Structures are given as C-alpha cells and as structure tokens.
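Feature annotation from TrEMBL assigns transmembrane segment to 112-132, 193-213, 225-249, 255-276, 283-302. Annotated domain 'CAAX prenyl protease 2/Lysostaphin resistance protein A-like' per TrEMBL: 164-267, in sequence order.
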Amino acid sequence: RNGGAGRGWAATAVGVAAGAAARVGGAGRPGPRAVLLGVSVLLPQPRLLLRGQPLRLEERTAQGPSRGHQATLHQRPGGVQSLTPVRAALEGTHRHPGTSLLTLMGFRLEGIFPAALLPLLLTMILFLGPLMQLSMDCPCDLADGLKVVLAPRSWARCLTDMRWLRNQVIAPLTEELVFRACMLPMLAPCMGLGPAVFTCPLFFGVAHFHHIIEQLRFRQSSVGNIFLSAAFQFSYTAVFGAYTAFFFIRTGHLIGPVLCHSFCNYMGFPAVCAALEHPQRRPLLAGYALGVGLFLLLLQPLTDPKLYGSLPLCVLLERAGDSEAPLCS
C-alpha cells in the first residue's frame, strides 16, 4: 500500500477512538461494536501506524534488512505522518458536550510536571539494579559521564541518529499515542478501567508479531527459536503495556508513559544472568532487590491522583454511572 493508504487506515482508527470517547462524554455510551470496529482497524496494520510503510520486496536484500538498516530506519518514521489525521478527528468533537478528546488522550496542563517526573522516577527506582550494573561496567567515572550527557554536541549527534530517534522518540510517542491515548478511552467505558489495563496491552504485544514474519521469511534463526523469542517478547511487552496503562489512568497524562517507554527502550530488558555472574554480584543483587522493594513501597504514594488533579477517564466513567474506586482513588 502506498503512503495515502496508510494515512487512511490511521484516520479511520483515530476517528473511531474519537467518536467512542466523545459519545461517552456526551449523552451516549459506546457499545461493544464501537470497540470491535476500532480494534479491527488498529490491529491488522500495526506497521502502518507505528513503523511507516514496509519496504517493497524488491528493495530488500537477500538476507533482509535488519531493524537498524538505514533504509528501514528512514522508512519507519513515516508512521508519524500517518497520525496527522488526529487533528481532523479532534475538530469534529466540539459538537459533543463533556470532557474533550484531547483531555481524554492525556494532553492537558493540569499536573503536567509531577506527571512527567514521578512516573519516570518510579521507573528509574525499579531499574536501580540495572543502573548500578551500567555504572559499574562503564569505563568512565561519574564526572566524565555527566559531561558527556550534558554536552550539546552529544545531543546534536543523537538528534541526527535515526536509530536514536526511532527508539527514544518516534516509537515511544506513536505507540503510547495509539495503544494508550486512543485505545484506553475506547475500551474503558465498555469493560471498566481494571480490565482495560490488562486487555489493551495484549494488542500492544500482538502488534510486535510482524517480527516473526520477517525472521521466518529471511531464515534469521530456527523456527523454534523464533517462536520462543516472539513469546518472550509478547510477554514482556504486554506487562510493560499494563505498566504504562496504569500510569496513564492514575495520572491522566500521556507524557509519563512516553518518558517511561523511552527510558525502558534505552535500558533494555534487565540483564539478570549477567548480574549473577558479575564480579560484584552481591552489591549488585542487593541493588536489584532494593529497587524492586522501593518501587512497590512508593508506587501508590507517587501515583496518588491528588497529585495530578482530576482524572479524565475516571470522570468519564462517573458520568456513565460506573464506579472505579481502586484506580481512581
């Protein structure tokens, strides 16, 4: 499909989310048909929404380009352009009374600073062990590391690196926009916030299955290893999706999930096996345990809705006559 077709799919998906959310904000409540239609539009073409248009078969090499291949990297940011019809969907919602679609999607100013900082702080606490491991294995000391991080030249190099832009900016923003900001306001009125937190990430995990097709087509590994890797990736992406969905509901903002997504993309999955074999294994494992313990201890206080003002999805469900005390209070 060409770029126009991709944009058409995105326009339909965002339009369904907009219509469903606006109806609840007004007089009606979306039925299951609205949810099924929206999901059926979002799922078949995840690459159109999130990765841009796929390369034509004749443009691929015999082994197939990797995710880091320059042609693929330049192609995938086109997925951001496919989300531009959001504006058209937003302009059509002024006719519906109630909470605005922008607010339901997490674009608001009330409580934005704690919503940006506290979820990221919680995620960094959870990754205390991997951060310690990274600092132990880093050849430079803390002062030199800070100089590199704060140097404008380093940031300029990052902004011209397509891999960095994909992993730290484009993927976190587009994936959180589609699977949290668009999908949660559509699912929550039909099944409640709790089930939506665990249902929405399943779609997020399925959206990564296209890697199986690429690996099978170009025989990058054995069939068993490919499906085992896909099952593992589905598991942790689903858990991560529930994690950011929880932040989205508890803070009412999209910025927190986006920043957490970007940080986790940078850190990767914790290298627990490497930590078990590390020369400084004991303090490192203590850091892992301390991080998990502090995270569990601080999760409820730092996601207290009182820190972020009114929660749009909770207000939306209250108007529909639903009570969601565990997540909304």
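Cβ atoms are placed via backbone N, Cα and C, with glycine included.
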Q | Recorded stretch that, among 193-213, 225-249, 255-276, has the most CB pairs under 8 Å to the transmembrane segment (112-132) | A | 255-276
Q | Counts by DSSP class (helix H/G/I, strand E/B, coil) across the domain 'CAAX prenyl protease 2/Lysostaphin resistance protein A-like' (164-267) | A | 91 helix, 0 strand, 13 coil
